[in-house]
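Copied from TrEMBL, the annotated features are:
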BINDING   H111, H211  substrate binding site
BINDING   D129, D140, E271  divalent metal cation 1 binding site
BINDING   D140, H204, E237, E271  divalent metal cation 2 binding site
DOMAIN    45-278  domain 'Peptidase M24'
Amino acid sequence: MSRKKYRWHLSGQEPTEMDLHIMQLEKEGKLVPTRDMVKTPEQIEGIRIAGRVNTGCLDAVAREIHEGMNTQEIDDICMQYCREHNAVPACLNYEGFPKSVCTSINEVVCHGIPKKEDVLKPGDIVNVDMTLSVDGYYGDASRMFIIGGATTPEKEQLVRVTKECLDLGAEAAKPYCTIGDIGHAIQVHAEKYGYGVVRDLCGHGVGLAMHEEPDILHYGRPGTGMVLVPGMVFTIEPMINMGTWKVFIDSDDPYGWEVISGDEKPSAQWEHTFLMTETGVEILSY
Ligand code: MF3
Ligand code: CO
Ligand code: CO
């Protein structure tokens with residue numbers, strides 16, 4: 001990323017406390033956001049509503065997911081939920097993605113495509129990742145489901161530790177921190193267990209589109225990367241592999257979307273949409 005591209009521009013009014021804080025950090029050589037990465041209160045309200053509807057959609061999946069079900073049926077639930085709530089499923093037709101939701105089973109890291117042939121078995125760990133828009137505002141979140149309620153101790157630990165990674169990343173996300181502070185907190189926790197943090201995919205700004213700047217990396221060094229300031233809305237969505245952090249695209253996927261762990265060991269992911277506030281992050285996908 002070039003430093004020049006990002007400059008904090010004053011709004012033309014008296015500089016606020018936040019303006020002064022950001023300009024000071026910029027002077028210290030920190031990469032600062034641009035003003036368009038900070039949402040207005042009206043936009044935040046819209047995103048909050050979309051986040052709530054998106055969570056309702058995942059709750060509907062949670063009520064119905066069961067062994068013997070295929071992942072196309074999960075897509076059907078999400079489509080139906082969107083229809084009933086005046087929401088647009090954001091993934092459908094996004095850069096050629098053919099379905100409304102991502103369903104990623106076991107060694108599938110993310111972007112799994114729902115299909116009739118993928119029948120859920122007891123002990124499968126499945127990520128369901130939904131993004132939708134309401135009135136042009138976007139919410140994005142994902143959860144893990146353990147099919148049949150139990151799996152191997154190894155996979156159970158992976159699912160639990162990945163959720164802890166999300167929570168620790170959110171805890172590290174303080175106003176005027178950097179993206180590297182979040183990534184570091186996640187990486188340290190995952191690597192304690194010998195897990196690999198996926199690097200080829202990341203969290204992102206969200207709100208007026210599904211994917212906005214900046215990228216939120218799930219690894220890194222404290223104090224590096226862009227500063228996060230109140231009013232920014234972004235996801236944290238660590239993908240944690242039981243083995244190597246490397247990934248590849250499934251050559252059997254005609255759409256070229258499905259991401260698989262490099263050693264085909266299980267992978268887990270949890271995601272929330274967050275608003276940065278004056279004190280820390282607020283979850284918008286509850
Ligand atoms: N929901 C995903 C994310 O967290 C985006 C999926 S894009 C798709 O960023 F096209 F694969 F659906
Ligand atoms: Co998502
Ligand atoms: Co996302």
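Each residue, glycine too, has its Cβ placed from N, Cα and C.
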Would you say which of the binding-site residues D129, D140, E237, E271 has the most Cβ atoms within 10 Å of its own Cβ?
D140
Can you tell me how far the Cα of D129 (divalent metal cation 1 binding site) sits from the Cα of E237 (divalent metal cation 2 binding site), in Å?
10
Excluding near sequence neighbours, so keeping only residues 6 or more apart in the same chain, what lies with its CB under 8 A of H111 (substrate binding site)?
F97, C102, S104, W257, E258, V259
When distances run from the Cα of E237 (divalent metal cation 2 binding site) to each of the binding-site residues D140, H211, E271, the nearest one:
E271
Name, in the order they occur in the sequence, the residues of the same chain whose CB lies under 8 A from the CB of H204 (divalent metal cation 2 binding site) and which sit 6 or more residues away.
H211, E212, E213, P214, D215, I216, F234, T235
Neighbour count, 10 Å Cβ-Cβ cut-off, for H211 (substrate binding site): what number do you get?
16
According to DSSP, which of helix, strand or coil covers E237 (divalent metal cation 2 binding site)?
coil
Among D129, D140, H204, E271, the binding-site residues whose C-beta sits under 6 Å from ligand 2:
D129, D140, E271
Among H111, D129, D140, H211, E237, please name the binding-site residues whose Cβ is nearer than 6 Å to ligand 3.
D140, E237
Other residues, Cβ within 8 Å of D140, H204, E237, E271 Cβ centroid (divalent metal cation 2 site):
D129, T131, A141, S142, G203, V206, I216, T235, I236, H272, T273
Name the secondary structure element type, per DSSP in three states, that contains D140 (divalent metal cation 1 binding site).
strand
Taking the mean position of the Cβ atoms of D129, D140, E271 as the divalent metal cation 1 site, which residues outside that list, in the same chain, have a Cβ no more than 8 Å away, listed in sequence order?
C102, M130, T131, A141, S142, T235, E237, Q269, H272, T273, S285
